[in-house]
Amino acid sequence: EKISLFCNVSPEAVIEDADCDTIYQVPLALHEGGLDRIVMSILRLHGQRDIDLGPWREMVDTILNPASEVEVALVGKYTHLRDAYKSVIEAFTHAGVANRSRVRIRWVESSRLEAEEPEALLAGVHGLHVPGGFGVRGIEGMVRAVRWARERRVPFFGICLGLHCAAIEFARAVCGLEGAHSTEFDPTTPHPIIDLLPEQRGDIAMGGTMRLGAYECRVVDGSRLWEAYHAERLSERHRHRYEVNDAYRARLESGGLRVTGTDAERGLVEVIELPAHPWFLACQFHPEFKSRPRKAAPLFREFVRAAGEYARGGAEAGRA
């Protein structure tokens, strides 16, 4: 009554907003408090059918009572400010729901991997994720993390910068291209595996030259990418400047890397995979931006599924 008096609302319009175990419980709590009914009454939206919250309740129950748990290492540059990866965190939550599993994130600052052995920081995880980012700090740590996952056959998923690090590591360790790098980090590299598009060279207006927004990607049939989307084409959002250098594509593919997704108009490399690895995929786009609670981003969903398989028995096979 006091809140009603001082806020100038009717007493029945005062709704408790208690803390919840997950943000996805909040709509259910507010519904139980009658918020939707009160708002509809104020807006005079009469005759509306009761909403079916059954699927949402089921989703929340899966989050709170998962059937299993996996641990994924997130090797990033901004782990001290975890909200920098908010979309990625939520995408993992959604992927966990799709797999009826809780995804626990082990935060690993990439620069630590430049001074410490990867095994000391990554041992025991069921998957490794390298998200997007900019700048040279911590890059070699990310490259070392990719190598650790590739050699130990731990499921790996890279996004944007994660794809660049995967291509750099593969070029160096498998293709024998010593000093291979991205011109973003080493403009004098003898093997610019990652480079600007020709029309961007000499233009330092970073915002103006970024490849932004949704682009269509052609999908190779029978690939991990196909298994995730079940479509010949997909559309995902982008935010980057640098690309896999097409001049090195044949060399990378001859070493065993497979390009399974390409830009529908220009043929730019969008997705790479290692067919000989249980689950190793990196994409140039950002699938986390389109992930939703009841419709997980396909690549996150499949990565968490692979991590679950690794946790249930693939770990021993990977170390064999």
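Yeah, the Cβs are placed from backbone N, Cα and C, and that goes for glycine too.
Predicted automatically and left uncurated, TrEMBL annotations should be read as such.
Here TrEMBL flags 1-45 as domain 'CTP synthase N-terminal'. Model confidence over the domain 'CTP synthase N-terminal' (1-45) stands at 89, taken as the mean pLDDT rounded to a whole number.
According to TrEMBL, the domain 'Glutamine amidotransferase' annotation covers 81-305.
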Positions whose Cβ lies under 8 angstroms from the domain 'CTP synthase N-terminal' (1-45), at least six residues beyond its ends: 51, 53, 56-57, 59-60, 63-64, 293
